[in-house]
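Enquirer: Got these off TrEMBL a minute ago, pasting:
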TRANSMEM  21-45  transmembrane segment
DOMAIN    100-518  domain 'Major facilitator superfamily (MFS) profile'
TRANSMEM  150-170  transmembrane segment
TRANSMEM  177-197  transmembrane segment
TRANSMEM  203-224  transmembrane segment
TRANSMEM  236-257  transmembrane segment
TRANSMEM  263-282  transmembrane segment
TRANSMEM  349-367  transmembrane segment
TRANSMEM  379-397  transmembrane segment
TRANSMEM  404-423  transmembrane segment
TRANSMEM  464-484  transmembrane segment
TRANSMEM  490-513  transmembrane segment
Amino acid sequence: MPTVDDILDHIGEFHLFQKQTFFLLALLSATFTPIYVGIVFLGFAPSHHCRSPGVSELSQRCGWSPAEELNYTMPGLGAADEVFLRQCMQYEVDWNQSTLGCVDPLASLAANRSHLPLVPCQHGWVYDTHGSSIVTEFNLVCANSWMLDLFQSAVNVGFFVGSVGIGYLADRFGRKFCLLATILINALSGVLMAIAPTYTWMLLFRLIQGLVSKAGWLIGYILITEFVGLSYRRTVGIFYQVSFTVGLLVLAGVAYALPHWRWLQFAVTLPNFCFLLYYWCIPESPRWLISQNKNAKAMRIIKYIAKKNGKSMPASIQRLRAEEEVGEKLNPSFLDLVRTPQIRKHTLILMYNWFTSSVLYQGLIMHMGLAGDNVYLDFFYSALVEFPAAFIIILTIDRIGRRYPWAVSNMLAGVACLASIFIPDDLQGLRVAVACLGRMGITMAYEMVCLVNAELYPTFIRNLGVMVCSSMCDIGGIFTPFLVYRLTEVWLELPLLVFAVIGLIAGGLVLLLPETKGKALPETIEEAENMQR
């Protein structure tokens, strides 16, 4: 009896039906972007200072503009103390008893400004921006700055729980049902987040978005790879990720046009309701139906695909069989991932590389939002380099192999982060160019780990191995906001130094893995153990 791949050889591996389905699912991939990296615009943190009655009086008396008020310096203070004072604290003095002046307003109060009593900012903050973000609306600065870290970490917690839990449900109840369910919940929670009256409610709806959004993205990835033939599967998987990059470019333009975070949240959420129409456009995966012994339904869908592609079903194809012949049933266990020496080494290296890819990819985007002069242009330019990253992978993985391009891409990202530290601020063009190289490197590494992970495990633990290793991606995403936003308070470039070390170590570890180019997928533990040879 033929397999689905055998039938697709006759009715079309990538014809009209597959192309239309890929286009529809690529739209879904593009709309995942605002949830994954939208913190750059939703949580944009502009320059701010404490709204102090004294500074307001000075501004009125001296006729200062808002920019002059923001740039006002207080004589006698060190630079770090002054930044902290202006952003988060205020003097606890009676300004009516002082002799205010435009040159040295505090001259009549104390000879040494460090002796003046300070209290936390009590009258709110003034933000140097024409738009709004969750930072400016909920005042997530100073003592509350950790709440911005928690906002992004919450969505990564959702990614971790949802991708595992809903991934199981998709195997149990079907791809199509779970895809539509995640789309509906994602759309509703996105709208509710846009109208959330408090930070707590906004955080809750963001967590719900995380629970379903990445799981929906993964289901879309699985669906399109199960609809196409074997020879197109790798290319379609890469271009499904390229559509995510297209979403990055669109997000930059929409965020520039809508600088107010609630309207931006509405704009990036509402398209999800249109995806509910996929109920009539995308059928269930015939491969999943066969795995559930629903061969009659699978055959009806295959006949529909053949009709859509303008092909006829060969008369000899009357029955279907599963992809793998039934033999001794092996029950996968987490211990199988660390039981034998080579597979244990593969597991640890892959887990570290998933962690590294997530930390550097999200971290570089977040750091750009803090350090960039024009966050919209910097975001747009860095997103553009993801296109050549995908094409380089396509050109190299079947010619050079997987291991060396993967190692070089990690090292390129690490070296770019290290070089950015030493480039002076006045060479902004060079800084942007180096940052783009780093972004291209980590994008290649991210896509390579997706490809290679499944090639290093035997069949009966392949899904388990990918699930466990890729979960480190979400763990990395949980820590990244704290890593970026807290370390920049110590030194703006300190996150880049950490990224450089992490990336260079990842590149070195990749060289310890076996090359999988031209090798059949391992079927047993013994074959996986002998891959290094």
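Each residue, glycine too, has its Cβ placed from N, Cα and C.
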Enquirer: Can you say which of 21-45, 203-224, 263-282, 349-367, 490-513 has the most Cβ pairs under 8 Å with the transmembrane segment (236-257)?
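Expert: Stretch with the highest Cβ contact count: 21-45.
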Enquirer: Please work out which recorded stretch in 150-170, 263-282, 379-397, 490-513 has the most C-beta pairs separated by under 8 angstroms from the transmembrane segment (177-197)?
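Expert: Going through each listed stretch, the top one turns out to be 263-282.
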Enquirer: Give the one range among 21-45, 150-170, 263-282, 349-367, 404-423 whose Cβ atoms make the most pairs under 8 Å with those of the transmembrane segment (203-224).
Expert: 150-170
Enquirer: Restricting to CB pairs under 8 Å, which listed stretch, 21-45, 150-170, 263-282, 349-367, 404-423, is in contact most with the transmembrane segment (490-513)?
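Expert: If we count Cβ pairs closer than 8 Å to the transmembrane segment (490-513), 404-423 scores highest.
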Enquirer: When you scan the chain for residues with a C-beta under 8 Å from the transmembrane segment (150-170), skipping those not six or more beyond its ends, what do you find?
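Expert: Same-chain contacts beyond the flanks: 35, 39, 43, 134, 140, 178-179, 182, 202-203, 206-216, 218-219, 222, 366, 467, 470-471, 473-475, 477-482.
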